[in-house]
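All remarks here apply to the structure that follows.
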Amino acid sequence: MPPAAERVPWRWLAAGRASRRLVLVVVFVALLLDNMLLTVVVPIIPTFLYTTEYEGANSSVAAAWTEPAPPALKAPPFSSMFSYFDNSTVTVSGSTSTMELANGTENSPLLQPPASSPPPPSGCPEGEEFLAKENVRVGLLFASKALVQLVVNPSVGLLTNRIGYHIPMFIGFVIMFVSTVMFAFSGTYTLLFIARALQGIGSSFSSVAGLGMLASVYTDDFERGNAMGIALGGLALGVLIGAPFGSVMYEFVGKSSPFLVLAFLALLDGALQLCILQPSKICPESTKGTPVVTLLRDPYILVAAGALCFSNMGVAMLEPTLPIWMMQTMCSPKWQLGMAFLPASISYLIGTNLFGILANKMGRWLCSLIGMAVVGISLLCVPLAKNIYGLIGPNGGLGFAIGMVDSSMMPIMGYLVDLRHTSVYGNVYAIADVAFCMGFAIGPSTGGAIVRAIGFPWLMIIIGVINIAYAPLCWYLRNPPAKEEKIAILSQECPMQTKSYTTQKTLRDFPLADDSDVEAENAE
């Protein structure tokens with residue numbers, strides 16, 4: 001091969017490493033896979049636990065009750081028995097119990113299991129009490145990812161300030177791959193819980209490092225807003241594909257299949273990171289970032305973080321509770337449990353891409369205010385649905401509104417750091433991710449308990465009212481004041497000619513002449 005031809009791939013690789021667009025692609029793919037794994041389990045876990053734990057236990061009980069009595073006991077040759085496992089009547093021989101013989105009732109035609117409830121309507125799952133308890137268990141499992149991410153995020157923010165964004169991004173990929181493979185082969189609640197918690201660690205590395213990298217590469221506020229909108233489009237696409245993909249694959253192929261597909265895609269993402277980001281390269285920030293504690297004292301950052309938290313808390317509460325509510329009230333098959341989230345995912349994808357551009361023109365504070373109000377109204381409408389088609393409108397409005405909030409608040413976080421603090425973004429996006437994770441930690445963990453205590457409709461009313469009440473606080477982000485020392489730096493016009501910036505006199509060459517002071521005063 002000619003030497004020139006050998007150098008072409010290396011030139012392309014060098015050009016790719018210098019390209020901002022390829023960095024955006026890497027972050028897009030990382031967020032896509034993270035959120036596919038986040039939502040692919042939503043329709044799988046409730047039905048998998050129901051199948052393995054409730055139906056598995058009942059099948060063993062039913063098998064025990066259909067065993068014949070010992071041959072020493074005299075019994076009528078044939079008697080009918082109703083099976084509560086598959087709702088059918090079968091004819092058995094020699095099944096009279098010792099208790100019935102003692103009571104002289106050996107001709108009784110039915111042998112009933114103890115404490116059985118009447119069979120539910122056709123197509124609906126049995127075990128109302130089991131499903132009520134499952135709300136809490138599934139909620140805690142889903143929340144474990146966000147709780148772990150909540151704890152790890154501040155450490156990742158500090159790590160990115162010390163060694164840069166590339167190595168943490170690659171660490172996130174490795175942990176996510178291990179978590180995905182573990183999901184594929186876990187068969188118990190405990191192993192699934194560990195896999196979900198492990199995903200939280202990987203997600204923390206990927207999201208904090210990815211968003212911080214974008215903010216450092218796209219320094220212009222308008223370009224940064226567009227880039228964040230595209231990156232959040234990857235997040236939206238992951239949410240869009242995850243739940244329907246998981247429900248269909250689980251129904252027709254098996255539990256492990258969606259996770260093995262995600263593991264393969266994660267390997268491709270790792271190869272892309274190796275080529276573009278050079279994760280062995282340590283690139284610390286040139287300036288020291290503002291401490292997390294200082295950022296948390298900034299009321300404007302807290303308002304933006306609160307908007308991210310409460311808007312996402314609504315969909316976080318829906319994830320563990322909506323599938324079980326559909327199983328109880330709509331008798332929905334497995335594939336519908338994931339398809340119910342499809343309208344929210346599609347509208348979220350549209351919202352993040354549309355308002356990544358529009359929010360800068362209409363005002364990001366106004367965009368987020370309207371978005372939170374629509375989130376609240378949509379949540380109030382969810383319990384009114386009588387079938388899966390009734391969920392299209394509320395879930396569609398919910399996804400679109402959350403897209404408005406996310407595509408507005410993520411650029412605002414970077415802008416607030418530029419405006420009021422040091423322009424190093426690891427810590428502020430750690431706070432943004434903490435806010436996001438608080439919604440996904442508090443939502444599922446408390447949502448299941450609230451549903452069990454007062455019901456699913458009241459849960460939607462509570463979180464809907466909270467979002468509507470919080471929306472007016474976004475008004476404070478309309479025109480946040482800059483720190484005094486950063487006004488001249490960030491002004492896009494001529495530097496401000498104020499006394500605070502002109503106190504230092506111009507340095508003069510040595511040696512000084514006798515009339516140098518007079519010349520300096522005339523120059524001023």
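Including glycine, each Cβ sits where the backbone N, Cα and C put it.
Per TrEMBL, these features apply:
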- 111-123: compositional bias 'Pro residues' (COMPBIAS)
- 72-482: domain 'Major facilitator superfamily (MFS) profile' (DOMAIN)
- 103-126: region 'Disordered' (REGION)
- 21-45: transmembrane segment (TRANSMEM)
- 171-195: transmembrane segment (TRANSMEM)
- 201-218: transmembrane segment (TRANSMEM)
- 230-253: transmembrane segment (TRANSMEM)
- 259-279: transmembrane segment (TRANSMEM)
- 300-318: transmembrane segment (TRANSMEM)
- 338-358: transmembrane segment (TRANSMEM)
- 365-385: transmembrane segment (TRANSMEM)
- 397-417: transmembrane segment (TRANSMEM)
- 424-443: transmembrane segment (TRANSMEM)
- 455-477: transmembrane segment (TRANSMEM)
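Remote same-chain partners of the transmembrane segment (230-253), defined as residues 6 or more beyond its termini with a Cβ less than 8 Å from a stretch Cβ, comprise 24, 27-44, 47-48, 210-211, 214, 261, 333-342, 344-346, 348-349, 351-353, 356, 399, 403, 406-407, 410. Of the Cβ pairs linking the transmembrane segment (21-45) with the transmembrane segment (365-385) and spaced 6 or more residues apart, fewer than 3 are under 8 Å, so the two regions do not touch. Proximity of the transmembrane segment (171-195) to the transmembrane segment (300-318) is not established, fewer than 3 Cβ-Cβ distances being under 8 Å for residue pairs spaced 6 or more apart. For the transmembrane segment (201-218), the partner stretch with the most Cβ pairs below 8 Å, chosen from 300-318, 365-385, 424-443, is 424-443.
Panel annotation: around the transmembrane segment (365-385), residues 307, 310-311, 314, 318, 322, 351, 355, 358-359, 391, 393-395, 397-398, 400-405, 407-409, 412, 456-457, 460-461, 463-468, 470-472, 474-478 of the same chain, lying at least six beyond its termini, place a Cβ under 8 Å from a Cβ of the stretch. For the domain 'Major facilitator superfamily (MFS) profile' (72-482), the mean pLDDT of the prediction comes to 79.
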